[in-house]
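Colleague: The following block contains the structure, expressed as structure tokens.
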């Protein structure tokens, strides 16, 4: 039961932060590329990589890894925006968005792991 509470607490905070950042970025950026979701997923990938690299205890992992970053990042929105770009006839912009998001997510996850290892003295 405690596990579910930790995940729920972290997830709700992550989802609220994602919503807030999406609104703030949307107020400043009016382009046709899904910048908010892209940035949020990059930040989330980095943070999750950092958390993973520190190999913290299960309680922190459930609160932050599964909960917070699970609520903060969003695969469903990523797919929705890709489909939307396709429906708008923006094929190459869609391909760019999909590939850039995947590549950048992997790079930022690895960067987070590297930074965690650096701080632990393992690099």
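Yeah, the Cβs are placed from backbone N, Cα and C, and that goes for glycine too.
Take a look at what Swiss-Prot says about it:
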TRANSMEM  1-21  transmembrane segment
TRANSMEM  34-54  transmembrane segment
TRANSMEM  59-79  transmembrane segment
BINDING   70, 73  Na(+) binding site
TRANSMEM  99-119  transmembrane segment
Colleague: Any contact between the transmembrane segment (99-119) and the transmembrane segment (34-54), i.e. 3 or more CB pairs below 8 Å with pairs at least 6 residues apart?
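Modeller: Counting Cβ pairs under 8 Å, at least 3, so yes.
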Colleague: 10 Å Cβ neighbour count around residue 73 (Na(+) binding site)?
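Modeller: For residue 73 (Na(+) binding site), the count of other Cβ atoms within 10 Å is 21.
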Colleague: Provide the three-state secondary structure of residue 73 (Na(+) binding site) computed with DSSP.
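Modeller: Reduced to three states, the DSSP call for residue 73 (Na(+) binding site) is coil.
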Colleague: Applying a 10 Å Cβ distance cut-off over all chains shown, what neighbour count does residue 70 (Na(+) binding site) have?
Modeller: 19
